[in-house]
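Record features, source TrEMBL:
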type     : residues : note
SIGNAL   : 1-21     : signal peptide
DOMAIN   : 79-159   : domain 'Cadherin'
DOMAIN   : 160-268  : domain 'Cadherin'
DOMAIN   : 269-383  : domain 'Cadherin'
DOMAIN   : 384-488  : domain 'Cadherin'
DOMAIN   : 488-605  : domain 'Cadherin'
TRANSMEM : 605-626  : transmembrane segment
Amino acid sequence: MRTYSFLRVLLWSCTFHMIHMMPSQKRTNKHSHSERIMEFSENDGKTLHRTKRGWMWNQFFLLEEYTGPDTQYVGKLHTDHDKGDGNLKYILTGDGAGSLFIIDENTGDIHAAKKLDREEKSLYVLRAKAIDRKTGRQVEPESEFIIKIHDINDNEPKFTKDMYTASIPEMSVVGTSVIQVTATDADDANYGNSAKVVYSILQGQPYFSVDPETGIIKTALPDMSRENREQYQVVIQAKDMGGQMGGLSGTTTVNITLTDVNDNPPRFPQRTYQFSSPESAPPGTSLGRIKANDPDVGENAEIEYSISNGDGSDMFDIVTDKNTQEGIITVKKHLDFENKVLYTLRVEATNAHPDPRFLQLGPFKDTALVKISIEDIDEPPVFSRPWYLIEVDEDAKEGSIIGQVVAQDPDIAKNAIKYSVDRHTDLDRIFNIYSGNGSLFLSKPLDREETPWHNITVIATEINNPKQSSQIPVFIRILDINDHAPEFANYYETFVCENAKAGQLIQTVSAVDKDQPLRGHKFFFELVPEFAVHPNFSIVDNKDNTAGIMTQRNGYSRSKMGTYLLPIIIFDNDYPIQSSTSTLTIRVCACDSQGNMQSCNAEALLLPAGLSTGALVAILLCIIILL
């Protein structure tokens with residue numbers, strides 16, 4: 001039997017790489033289905049004998065990133081068919097064969113031609129065969145083996161972002177989480193500590209800290225105020241090898257912004273403000289602005305202004321400008337220098353959105369004193385009333401004084417005033433005024449029934465300064481005098497039937513009066529004295545400003561009297577009593593049994609000729625017969 005030294009060669013190859021290899025108990029011969037099984041037996045206890053032929057190699061290991069001067073030796077392939085005479089040729093195929101891995105076809109030595117990177121590829125699967133140079137036939141079946149690349153710590157940790165941005169409310173408690181940063185290491189996490197990352201803070205202390213294992217950044221100081229400092233730049237380091245010396249590291253920057261909370265009350269920069277206003281300023285006039293400062297921002301800095309007290313709280317107002325957060329002081333009522341020259345207001349500025357968490361820091365409001373001085377202005381005359389109402393009897397005589405208007409200069413100078421009537425309001429020049437004292441008098445007679453009201457305008461002007469003038473409306477009401485007599489309200493067309501009975505109502509009359517007595521109208525009706533005892537008709541006063549006309553006998557004849565004239569006297573009850581006589585015309589008409597009129601005037605015109613109805617009918621019949 002033949003004895004071979006393949007085991008010695010294999011052990012030599014493995015010993016060369018022992019420092020980077022796996023433990024020896026893990027390195028076993030791995031054979032494909034085409035490999036031959038190596039068996040050894042003991043002969044006399046001295047010599048090992050091999051019973052079968054086969055390849056001689058094991059799994060190979062190789063360091064990544066090799067930087068030596070020579071190519072890196074991987075291992076050696078050998079078969080027991082190799083007699084050392086160069087008759088066999090070794091061929092290598094598979095991953096990287098010929099480019100990354102080169103085999104000596106005569107000896108079977110394998111070298112790595114290039115530097116390898118485990119992070120790009122961690123193992124290579126290759127196939128080997130040995131052929132006879134003379135015959136070209138394989139002396140062993142093709143077999144497969146593996147080259148594993150051992151990791152070295154050649155990759156530093158890398159953060160997922162080059163820069164992080166985070167924010168956190170100011171005044172947050174210690175330990176409040178801000179943001180989590182994450183770094184990864186491309187080295188083998190299953191081999192040593194090359195990929196074990198530990199976080200630490202290089203910049204940003206003592207304000208922030210970082211959890212070494214999770215990378216969570218937290219606040220480290222209490223009561224950090226945005227108003228003192230808003231921006232922080234924190235530099236975080238991630239180091240592999242568990243943070244030990246010699247480990248590789250990477251850094252990232254975290255920009256942290258403190259966001260605002262309402263932890264500051266508004267404050268006036270000064271305790272007292274002074275403004276002035278002319279007394280002529282109309283309501284709504286802006287006098288000035290005041291502003292309380294609030295270092296907060298956004299809605300936390302919104303301020304509401306109000307007047308808490310002061311002797312000018314009724315005369316002035318303050319509104320908030322939402323854009324500038326200023327308080328605008330405005331005039332609320334008309335001012336009068338002669339009445340008061342100085343007002344004092346106490347203005348309060350309050351946070352519009354207080355935060356209950358910080359109320360213990362103090363009242364979130366502030367007050368300031370505002371003094372407003374009133375400036376005197378040369379004002380026009382002021383009338384004693386906003387308007388005047390004058391009542392005058394319509395029978396007032398020309399030249400009669402009917403009333404007076406009064407105006408005065410409100411200024412301290414008290415300039416003299418002259419009065420006049422605006423003639424555009426009194427085109428007929430019915431009224432006039434004494435320029436010195438404002439007394440109004442009549443220039444023409446009045447007639448209430450024609451014009452019951454007169455609306456005129458009186459002008460008051462300063463004598464020393466005619467530009468200063470004012471005007472006032474004067475309403476003149478003409479009071480009624482009983483100077484008109486009542487008369488029939490309508491024109492009445494009254495008739496009486498020939499067959500009327502005595503005591504029958506044939507007409508109701510009413511009256512009107514142009515006068516307007518204060519107690520209202522009251523009319524009385526009666527016949528004129530010479531008709532007081534009238535044989536044909538009578539009148540009955542209904543006591544409601546109407547009267548009824550009654551028949552006095554039975555039957556009326558158109559042939560005898562076709563029309564009756566009935567004079568009626570109408571009295572009023574005012575002083576002096578006025579009366580008038582109106583005549584009622586009553587026609588006699590033919591009526592049916594129901595009292596409905598059938599004919600009046602047509603037949604009445606024929607009656608004076610002495611022709612009766614029967615005669616007319618007879619004449620018509622004769623004409624028809626002749627025809």
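Cβ coordinates are placed from backbone N, Cα and C, and glycine is handled just like the others.
Keep in mind the model is a prediction, meaning the values are calculated, not measured.
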Averaged across the domain 'Cadherin' (160-268), what pLDDT does the model get? Just tell me the whole number, please. 91
Taking DSSP H, G, I as helix and E, B as strand, the domain 'Cadherin' (488-605) contains 8 helix, 53 strand, 57 coil
Report the DSSP secondary-structure composition of the domain 'Cadherin' (79-159) as helix, strand and coil residue counts. 0 helix, 37 strand, 44 coil
